[in-house]
Amino acid sequence: MKVLWVALVITLLAGCQAEVEPEPEPEVQLGQEWPGWQDSQPWEQALGRFWDYLRWVQTLSDQVQEELLSTQVIQELTVLMDETMKEVKAYREELEGQLAPIAQETQARVSKELQAAQARLASDMEDVRSRLAQYRSEVQAMMGQTTDELRGRLASHLRKLRKRLLRDAEDLQKRLAVYRAGALEGSERSVSAIRERLGPLVEQGRARAATVGTLASQTLRERAEAWHQKLRGRVEEMGTQARDHLEEMREQLEEVRAKVEEQGSQMRLQAEAFQARLKSWFEPLVEDMQRQWAGLVEKVQLAMATSSTSAPSENH
């Protein structure tokens, strides 16, 4: 199966470099919806939003004309471009990580082809943005004059650019689909290969154990013991590798936990320092207010006592 997968990838790569008669580009109608694909990926959905926005721009309606004279359309297209290429890059890197089981040279060629297809798609979207920016400059230079010819040229350019965008998007989608299928096949093949290698060993072990139990020959027992040691060595080796991997993961988790605890300690110390600072600020104020309040209460009490003693005197 591995040979078939490698042959498929090499054939696809070679076919992309062969000189063939160019197929006629599909006619892209103004109102044509983004084709989309079954079980579409996030990058395909983002590209669909770019396509729908471009379709709206291509109507060259009064609202489009007004926003083209500002920077709104170009800014919104830039946001959609960045979102699309970000999703494409993330999906491509995910597939490259899953292609680890294939040969290093083949993997490098696959990565190169995916990057080239991604670059073509980015170039198509950049051409759209550049053409709209150019149209905006030309319209502003011809303020007060008829712009029908410019609008016609822009509409023609946008139709051609949408054809290229559709063609290169479908090319990238087909490549990613092929490589994704190969990655899934490679993962399943790795599990099957391990099962195929260990299955015969287990069966042989059972057969040898049964044979040793029925034979009294010391030579056969020694051979069985040697085979047993060999099998145990292989199992221990695989177990050691698994433990090393788990230990590495544990160390990484410990590092993360230590960093989190360190940051938590720093935040706690900062909070305590801030609390102490606040306390040092407000304690003198509170004490001063308490003293003033006590003095005020004392004065009120003294005034009330003076008033009560002077009242009887006046009665006499």
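Cβ atoms here come from the backbone N, Cα and C positions, even for glycine.
Summarising the annotation, Swiss-Prot assigns signal peptide to 1-18.
Per Swiss-Prot, repeat '1' is recorded for 79-100. Within its own chain, the repeat '1' (79-100) has Cβ neighbours under 8 Å at 41-43, 45-47, 49-50, 53, 107, 110-111, 114-115, 118, 121-122, 125-126, 129, 172, 176, 179-180, 182-184, 186-187, counting only residues six or more beyond its boundaries.
Taken from Swiss-Prot, the feature region '8 X 22 AA approximate tandem repeats' applies to 79-254.
Residues or ranges marked as repeat '2' by Swiss-Prot: 101-122.
In the predicted model, the repeat '3' (123-144) has a mean pLDDT of 85. Look at Swiss-Prot and you will find 123-144 tagged as repeat '3'.
Residues or ranges marked as repeat '4' in Swiss-Prot: 145-166.
Among the features that Swiss-Prot reports, heparin binding site is placed at Leu161, Arg162, Lys163, Arg164, His228, Gln229, Lys230, Leu231, Arg232, Gly233, Arg234, Val235, with the record citing similarity to another entry. Arg234 (heparin binding site) falls within a helical segment according to DSSP.
Look at Swiss-Prot and you will find 167-188 tagged as repeat '5'.
Residues or ranges marked as repeat '6' in Swiss-Prot: 189-210.
Annotation comment: Swiss-Prot describes 209-289 as region 'Lipid-binding and lipoprotein association', evidence class similarity to another entry.
The repeat '7' annotation in Swiss-Prot covers 211-232.
The repeat '8' feature in Swiss-Prot is assigned to 233-254.
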Within 10 Å of the Cβ of His228 (heparin binding site), how many other Cβ atoms can be counted across all chains shown? 14
DSSP-assigned states of the repeat '1' (79-100) in counts, ordered helix, strand, coil: 20 helix, 0 strand, 2 coil
Restricting to the record's heparin-binding residues (Leu161, Arg162, Lys163, Arg164, His228, Gln229, Lys230, Leu231, Arg232, Gly233, Arg234, Val235), give me the longest CA-CA distance in Å as a whole number. 68
